[in-house]
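Report on one structure; see the data block that follows.
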Amino acid sequence: MSQTVLVLNSGSSSLKYQLLQPDTGASLAHGIVERIGEEASSAVLTFGDREIRRDGRIADHEAALRTAFDLFAEAGQRLDSLGLVAVGHRVVHGGQRLYRPTVVDDAVLDQLRELAPLAPLHNPPAVLGIKVARRVLPELPHVAVFDTAFFHALPAAASTYAIDRDLAARWQIRRYGFHGTSHQYVSQQAADFLGAPLESLNQIVLHLGNGASGSAIAGGRPVDTTMGLTPMEGLVMGTRSGDIDPGVISYLWRTAGMGVEDIEVMLNRRSGMYGLAGEIDFRILHQRIESGDEDARLAYEVYVHRLRKYIGAYLAILGHTDVVTFTAGVGENDARVRRDALTGLATLGIEIDEHLNESPTRGARLISADKSPTSVLVIPTNEELAIARACLTVI
Ligand code: AMP
């Protein structure tokens with residue numbers, strides 16, 4: 001029987017899970033437990049063509065994981081009969097020291113806890129998820145796979161903030177980059193799609209989902225990325241501002257009487273497309289733009305402007321790019337964003353084929369014009385599969 005890996009992605013009130021076969025890439029089952037700790041919790045498992053759902057209070061993350069296993073049992077499946085060899089955990093921040101896929105023991109868990117200040121919104125729920133899963137599945141190796149890992153090797157010129165050196169060293173302040181699992185996976189897929197060795201390609205990868213980030217990759221090695229110390233820097237996102245003048249923060253603190261927590265929540269949860277237009281779903285934003293909504297139009301223009309700015313920056317950093325790849329919810333599905341991001345760049349060697357771009361095909365596909373020296377691709381990301389495969393490298 002093929003080996004399987006259970007991949008967990010723990011949020012503060014949710015637990016996403018997926019059971020995969022790393023060698024075939026097949027996903028056997030996936031599901032999510034939401035609103036953990038609330039009265040109206042819900043759990044769902046999709047196994048093959050069956051969907052099983054359970055509603056009602058799920059008190060905490062341990063109950064959430066046990067509920068997920070109950071749903072497997074309801075589907076007539078037992079995890080121990082499905083070839084499970086490891087549990088992979090998505091961890092957002094690995095700090096300076098943790099970047100390889102790491103089998104979690106008590107010492108690693110302590111290290112992860114110490115990283116909480118670097119990613120206060122993301123790391124604590126991941127640590128909780130690992131703790132709970134180790135208790136529920138003690139006989140299996142638990143592997144942490146870090147969103148920052150791929151960008152660990154960024155050149156110093158790209159990873160260093162031009163601030164007081166001693167302060168930066170003391171507090172581990174650098175540009176770490178995030179969505180690394182996706183950027184690495186998608187850049188390898190792009191090379192495979194083009195039938196070219198990864199080492200031979202310059203690439204720009206645009207991961208455009210609710211969170212959004214771009215990267216410049218030369219010969220498989222990242223040379224820059226848009227996210228920094230935290231996943232707030234860079235592109236405009238669903239609810240995050242991306243780049244702002246740091247002066248805005250002190251200005252708000254001093255003049256608007258906002259505390260640091262208020263400012264952080266505003267920049268993380270009430271900014272981006274939501275902050276500008278009260279909406280994060282691009283399908284709805286397009287409808288609103290068509291019906292003349294000025295807020296939606298401005299939000300979209302700010303989004304595209306920032307995206308083009310980074311594409312230009314990465315072209316300059318790389319000298320030239322062989323491929324530009326779009327991935328994640330917006331990148332994979334929104335032909336208008338792809339078109340508007342790349343319109344007018346023919347003189348820089350990038351030209352999209354309108355017809356291919358609009359085609360509703362799924363899966364990895366080429367959308368550049370025949371005469372475009374740069375290949376433009378759409379490649380579905382699969383962070384769970386990348387995490388599952390990373391687990392097998394260390395167990
Ligand atoms: P992700 O974080 O990768 O799951 O991406 C989620 C986002 O993708 C949603 O908030 C939508 O804005 C966007 N999205 C998903 N499907 C579509 C679609 N068919 N067209 C445009 N945007 C989409």
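Placement of Cβ uses the backbone N, Cα and C atoms for every residue, glycine included.
All TrEMBL annotations are machine predictions without curation.
The feature active site, proton donor/acceptor is assigned by TrEMBL to ASP147. Marked as Mg(2+) binding site by TrEMBL: ASN9, GLU383. Sequence annotations record features per position, and here TrEMBL assigns ATP binding site to LYS16, HIS207, LEU208, GLY209, ASN210, GLY211, ASP281, PHE282, ARG283, GLY329, VAL330, GLY331, GLU332, ASN333. Look at TrEMBL and you will find ARG90 tagged as substrate binding site. The site 'Transition state stabilizer' feature in TrEMBL is assigned to HIS179, ARG240.
Projection of TrEMBL feature records onto the structure.
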residue : record                             : DSSP class
ASN9    : Mg(2+) binding site                : strand
LYS16   : ATP binding site                   : strand
ARG90   : substrate binding site             : strand
ASP147  : active site, proton donor/acceptor : coil
LEU208  : ATP binding site                   : strand
ARG240  : site 'Transition state stabilizer' : coil
ASP281  : ATP binding site                   : coil
GLU383  : Mg(2+) binding site                : helix
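Close to the residue listed as 'substrate binding site', meaning Cα to Cα within 10 A, are the following recorded positions out of ASN9, ASP147, LEU208, ARG240, ARG283, GLU332: ASN9, ASP147. Recorded residues ARG283 (ATP binding site) and GLU383 (Mg(2+) binding site) have their alpha carbons 23 Å apart, per Cα-Cα distance. Candidate binding-site residues: LEU208, ASP281, ARG283. Those with a Cβ under 6 Å from ligand 1, in sequence order, are ASP281, ARG283. Ranking the recorded positions LYS16, ASP147, ASP281, VAL330 by Cα distance from GLU383 (Mg(2+) binding site) puts ASP147 first. For the binding-site residues shown (ASP281, GLU332), fewest C-beta neighbours within 10 angstroms: ASP281. Proximity of ASN210 (ATP binding site) to non-local residues of its own chain (separation of 6 or more, Cβ distance below 8 Å) is seen for MET237, GLY238, THR239, ILE280, GLY329, given in sequence order. Note on proximity: among ASN9, ASP147, HIS179, the recorded positions of the record, the Cα nearest ASP281 (ATP binding site) is that of HIS179.
In this structure, the recorded positions under consideration are LYS16, ARG90, HIS179, ARG283, and the one with the smallest number of other Cβ atoms within 10 Å of its Cβ is ARG283.
For the ATP site, whose binding residues are given in the record as LYS16, HIS207, LEU208, GLY209, ASN210, GLY211, ASP281, PHE282, ARG283, GLY329, VAL330, GLY331, GLU332, ASN333, the maximum C-alpha distance rounds to 24 Å.
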